[in-house]
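Here you go, one structure.
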Amino acid sequence: MRYRLLLFLQMINLISSGVLPPRKRFPDAIIVGVKKSGTRALLEFLRINPLIKAPGPEVHFFDKNFNKGLEWYREQMPETRIGEVTIEKSPAYFHSKMAPERIKSLNPNTKIIIVVRDPVTRAISDYTQSSSKRKRVGLMPSFETMAVGDCANWLRANCTTKTRGVNAGWGAIRIGVYHKHMKRWLDHFPSQNIHIVDGEKLISNPADEISATEKFLGLSPVAKPENFGVDPIKKFPCLKNDDGKLHCLGKTKGRHHPDVEPSVMRALKEFYGPENKKFYQLVNHWFDW
């Protein structure tokens, strides 16, 4: 009895002093996508702020691991103290049909972060990643074949359903029709709970994009231009350590993209043109795509 009383008094002292032991909490914010738009870079750059904490690998709870339950999800989170912000990142959530509703059911006040970039560039980056992973089982067809040719014999997907000459059913193309996925998020979360990061500016001016995201999270920005440098080979932004050395994201980030035939690039631009405008109107923001 006396031991319990001592524990109770100790807890009261901790509460009154504003000091509580760290514990695992559900995330305050989730980077839900978009795949191959800079979500990894965004999270790594946000970690400049010591109040931002995140789990290591992508958790994929709201799409692939939902059956494991909420306590499993909580256990994947880092320990945080009051005032610190927990962020999860699983970019496949963006195009998941179930993720928005599931996240809202857990916490309707969750802050949603979405990174977007030119969908043509995003599709090429998606292809480049997939191609690098499949070298052990044989090379993929060319990007041109996948984007505008006949890829049905290679993929078990309805990739030959063409819209304006483009394989709109191929996942790398379909994900980039942002407005169709964005509508689901706006159906479940108010616009003030959603922050959109410009993936192109995240490369060209990371400090501004990171500062804006810190403010969205309710934190005082700490990111400054001097925190960043550029990889001399890949021309991709890196973090700059106190000693001036660059800390870059690894060989899989900023990898070289294949040269795509101009006619295919034109077809993709024409395909995405009206789709992009619908997205701009939906989020009330114009991008230079």
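Residue numbers in this text run from 1 along the chain shown.
Using the three backbone atoms N, Cα and C, a Cβ is placed for every residue, glycine included.
Dumping what TrEMBL says about this protein:
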ACT_SITE  LYS36  active site, for sulfotransferase activity
BINDING   LYS36, SER37, GLY38, THR39, ARG40, ARG117, SER125, LYS253, GLY254, ARG255, HIS256, HIS257  3'-phosphoadenylyl sulfate binding site
DISULFID  CYS238-CYS248  disulfide bond
DOMAIN    27-273  domain 'Sulfotransferase'
SIGNAL    1-17  signal peptide
Filter the recorded positions SER125, CYS238, CYS248, HIS256 down to those whose C-alpha lies within 10 angstroms of the C-alpha of LYS36 (active site, for sulfotransferase activity); answer none if the list is empty.
SER125
Which site among CYS238, CYS248 has the most other CB atoms no more than 10 Å from its CB, taking these as disulfide-bonded residues?
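Of the disulfide-bonded residues CYS238, CYS248, the highest Cβ count within 10 Å belongs to CYS238.
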Based on Cβ atoms within 10 Å, give me the single least packed residue among the recorded positions LYS36, ARG40, HIS256.
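Output over recorded positions LYS36, ARG40, HIS256: least Cβ neighbours within 10 Å is HIS256.
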Looking at Cβ-Cβ distances, which residues of the chain lie under 8 angstroms from SER125 (3'-phosphoadenylyl sulfate binding site) while being 6 or more apart from it?
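Once residues fewer than 6 apart are set aside, SER125 (3'-phosphoadenylyl sulfate binding site) is near LYS36, HIS257.
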Around GLY38 (3'-phosphoadenylyl sulfate binding site), which residues of its chain at least 6 apart sit with Cβ under 8 Å of its Cβ?
VAL115, ARG117, VAL197, GLY199, LEU202, ILE203
Just to confirm my parser: what is the rounded mean pLDDT across the domain 'Sulfotransferase' (27-273)?
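Value for the domain 'Sulfotransferase' (27-273), mean pLDDT as a whole number: 92.
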Just to verify a number: CA distance, HIS256 (3'-phosphoadenylyl sulfate binding site) to CYS248 (disulfide bond), in angstrom, no decimals.
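On Cα coordinates alone, these residues lie 15 Å apart.
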